[in-house]
Structures are given as structure tokens and as C-alpha cells.
Amino acid sequence: MHVDPPVVSRLLPWAARAWFVAAAAGQWLFAAYIVWVLAWPLLLGDGAAVNRTSLITGHVAGDTLGNASLLGHVAAAAVLNLLGVLQLVPALRRSHPRWHRLAGRVFMTLSLVAVASGLYMTWLRGSRLGDVSAIAISFNGALIGLAVTLAWRRARQRRFAEHRRWAIRAFLLVSGVWTLRLGLMAWVLLNQGPRGNTPRLDGPFDLFWVFGCYLVPLVVAELYFRAERATPVAQRAVALLLGLCAVLTALGTAAAFAFMWLPHF
Ligand code: HEM
């Protein structure tokens, strides 16, 4: 007997859409913060304004290379947070394929700019809170390089199903620093204060989340890819998981906006 899948197959894309709406709001608010609070003052040479935020090193008078790295880093981050989510919209990919290709090239190039400038600041400029978080973000950077390269190559080889999967992985990896903030703030909100957190990011929860902020989304994405071809029951389970991710993303966005970004506008 043929089992009609529409109810279930509708649930999975709807859960993905719910997560997308929360993520787009969160990424664009982060982009607004980066542009207004970091990139614009840095471009105007107003180091004092930037140093009033929670940056580790920030602007240092006379350190031309360091300041340029920071500016390049945050400028790339702003564009990545603006562009990235749009690449995920299937309708936009279909109606504006040339835009998708151009934005994709910009995204992939700027990801590598963010990684290179970030690694320079972490290991050569000394902008790190602790060694474990520095290793975690460096591993994130290495995975970004891998995912971006594979997404690019699969597109050129016209292997679009694989390109889509690698591009989604690249997006989630590039968004690791954003997920880190959302997760930390949601955690603090849910616990009514820090629990397993330290200012050096080496408390038990910090140690889990500095790696989890990009590894957990990769695992969820893998379950989503498998669910697309799985049984209705598995699809429903992954839809529930994605729904939970949507709620947590919305909560994390609200908390990060209220506690981390809004006070600096
Ligand atoms: C994966 C490799 C990366 C490394 C090693 C890295 C490293 C760093 C470091 C060391 C800082 C602090 C600079 C300072 O305090 O002076 C920083 C700040 C920042 N990074 Fe990255 N980064 C990486 C990737 C990214 C990516 C992919 C994005 C965004 C798409 C990003 C967005 C930011 C933003 C917005 C800040 C400013 C922080 C704030 O004010 O909250 N980073 N990064």
C-alpha cells in the first residue's frame, strides 16, 4: 500500500523555514551591530569608541597591521552575516542564479579573509581569552577552509546536490562565532545567570560550547540531510529537532541583542 507522505514532508521544510526566519533575524542584527559599533568607527579611526566594547585587544594606537586586520576582519564579518542567509533561499537561487553565483563567490572569499585575519589576531597579535578557546576557533577556521573549498569545487563540477550540502556546512561553520554568542547568552538567560562560565571562556559549559557552537550545527545539518530521504517517522523527529533549534535561535538572538549588542548602539 502506498503511504502518502505530504503531512510529514511538509513538516520538515516548515521546521527548516522556522529556523531560517530566526537565523535571518539573528544574523542581520549581528551584522547591524558589527557595522554600526565596530566597522564604521574603525574606518573613521575612532579607536576609543571601539575599545569601549568587549573586544579582547581592539584598536591599538600605532599597530597599523593589527588595526587593519581587525578592520578587515569585522568588515568581512558584516558582509558574511548579511549575505550568508540569502544564499539559503531556494526561490532566490532559482530566480536570480547570477546573483547566487556572485554572492557565493563573495561569501567564500570573505570567509577566507575572516579566517586569515582571525588567525593572525589570535596567534600573532595575542588576542585570545584562553588557549582552549583559541584552539577551538582555529579548528573552526580550518574546517571553514575545507568546507568552502569543497562547496566551490562541487559547484564548478556542477555536482549541485553535494555543492548544496557543503555550502550549508560552510555557512554553519562561518556562523560559529555567531552561534557561540547566541548559545552563551541563551544559556545565561535560561540559568538566570552564568553557570559553568568564566570570563576566560574555560568553565565547563564554555569548554563544551567553544567546540559545540560549530560542531552541534554540523550534526543537526547531517540529520537534516539524511531526513530528506528518510522514513516519515525520522522526518518528524528531525522536524521536531529543527523546531527546537528555531526556538533556541530566537531565544539566543533576543538575549544576545539585549545583553551584548544593544548596550553599545
Ligand atoms: C575561524 C577563524 C576566526 C578566528 C581565529 C577569529 C578570531 C577573532 C579574534 C581574535 C577576535 C578579537 C579581536 C580583538 O579583540 O581585537 C575576533 C573578533 C570578531 N570576529 Fe572573529 N575570528 C574568526 C572567524 C570569524 C568569522 C567567520 C566571523 C563572522 C562571520 C567573525 C566575526 C568576528 C566579530 C564580529 C568580531 C568582533 C567581536 C565582538 O565585538 O563581539 N570571526 N575574531
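Using N, Cα and C of the backbone, Cβ positions are placed for all residues, glycine too.
In TrEMBL this protein carries:
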TRANSMEM  19-43  transmembrane segment
TRANSMEM  70-90  transmembrane segment
TRANSMEM  102-123  transmembrane segment
TRANSMEM  135-154  transmembrane segment
TRANSMEM  166-187  transmembrane segment
TRANSMEM  207-225  transmembrane segment
TRANSMEM  237-262  transmembrane segment
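Within the same chain, the transmembrane segment (135-154) packs against the transmembrane segment (207-225): three or more Cβ pairs sit under 8 Å, each pair at least 6 residues apart. Within the same chain, the transmembrane segment (19-43) packs against the transmembrane segment (237-262): three or more Cβ pairs sit under 8 Å, each pair at least 6 residues apart. Residues 20, 23-24, 27-28, 30-31, 34-35, 38-39, 42-43, 55, 57-59, 100, 103-104, 106-107, 110-111, 113-114, 117-118, 121, 167-168, 171, 174-175, 177-178 of the same chain lie 6 or more positions beyond the ends of the transmembrane segment (70-90) yet place their CB under 8 Å from a CB of it. Residues of the same chain lying 6 or more positions beyond the ends of the transmembrane segment (207-225) and with a Cβ under 8 Å from any Cβ of it are 12, 16, 132-133, 136-137, 139-140, 143, 165, 168-169, 172-173, 175-177, 179-180, 183-184, 187, 201, 238, 241-242, 245. Within its own chain, the transmembrane segment (166-187) has Cβ neighbours under 8 Å at 23, 26-27, 30, 77, 80-81, 84-85, 87-88, 104, 107-108, 111, 114, 137, 140, 143-144, 147-148, 150-151, 154-155, 195, 197, 205-206, 209-210, 212-214, 216-218, 221, 248-249, 251-253, 255-256, 259-260, counting only residues six or more beyond its boundaries.
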